[in-house]
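If you look up TrEMBL, you'll see 3-64 marked as domain 'Recombinase'. The annotation domain 'Recombinase zinc beta ribbon' is assigned in TrEMBL to 90-123. According to TrEMBL, the feature coiled coil maps to 213-247. For 371-388, the entry in TrEMBL reads compositional bias 'Basic residues'.
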Amino acid sequence: MGHWTDSNVRDIETNPKYTGYMVWNRRGRKNRGNRINPIEEWIWSAESVHEPLVDLEIWLRAQEVGQHRFGSRSTSNTNVRHPQTKRSYLLRTYLFCDSCGRRMNGKTRRGHAYYVCAPKKGYVPEGHPAPGSFWVREDALVAKLDEFLSAHVFGAYRRSLLAYNIQELGVKAQREREDHITALRHRIDDITVKMKRVTRSLELFDNPDPDLIRDINDRRTELRERKAALETQLTEAEEQHEQAPNADLLDVMPVGDIQVDQLPEELARRLFEALRLELHYDKDTNRLRVTVTLSGATALAARQRGAEAINVPGQQSRHAHAQVEDKNEEDVMPTISPVPILGVPSAGFEPATPASGGMGPKGDVSAFDRRKQRAGRRLRRPMSAHCP
């Protein structure tokens, strides 16, 4: 008997077939190195094809939790009880390799903290930076994270930056929707051609075998289901209207500068968690994407953590910022909608570049097809920026 490995368990937890539905286009074999496609690009069967082992809604929620999973070294007291632990890494858990999607690990060389992505030999994804591993300095990442948080989340001019980002994102989002619609139409046309070929194959035989007829009918049924699922997605994409972000969520945040390297690690991690921070580093372009997500359910916690971080002794403001009048909970809550999600974009590394981050609503999950796509709609469209 073989042993259960982490990858075995994860494959089971992320396999949608346990929901009872058939799924196509899970992996991009032609141009994505067999990597798993985003959930919103999957093609689901119109109906359940076998008895489910897990409810679809529970499975989707599990995928969301899995993207923010934590291990023994994810908290502020990182493995302090382990006798071999020498230090912890501030951005561990939050920093990902943009090429392969793996979390980057902390390493120390010559007294400096680095983060490294080093896939095992034989498991290096296509397009991953040669020779398969790379390093990036922690202090460079932290410095730019400070700039982003201080300007776009806790800055006095965050509203103006947000307005600019919304305009930039509108053009980008429209282009993405058009590309998605075009891709769906191509897939539908391709399936239509395949259905015609299946029909012609039956015409080649004067007295076809019953097993052959059954196989052809099964294939036609499968193609019809895939086509129907794609047509449903196409209709939704054509009717989709992007909901305006709730910019009032930014007004809940305090105003001040943030220097995360000057904070106690426990406080810094509480702040990162409240902001749902994610960092994605692209070695090829030397660019970093910073993502922060605010919602009505998390804004008050983010506000509290931000105030704690700004008011830490020794955390001096580097710029003269206008102070925002402190609001009690009763004043704040009416301005927060529980539905809109605000994804705050990153500020950009030197040389300075305009932010082009993004915002959007979290999808309504009351309808079946909406539920199937909810896990993929994480409406966080951060900008990329140069890393020194």
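Note that Cβ sites are derived from N, Cα and C of the backbone, with glycine treated the same way.
In terms of DSSP helix, strand and coil, the domain 'Recombinase zinc beta ribbon' (90-123) has 0 helix, 15 strand, 19 coil. Over the coiled coil (213-247), the average per-residue pLDDT in this prediction is 79.
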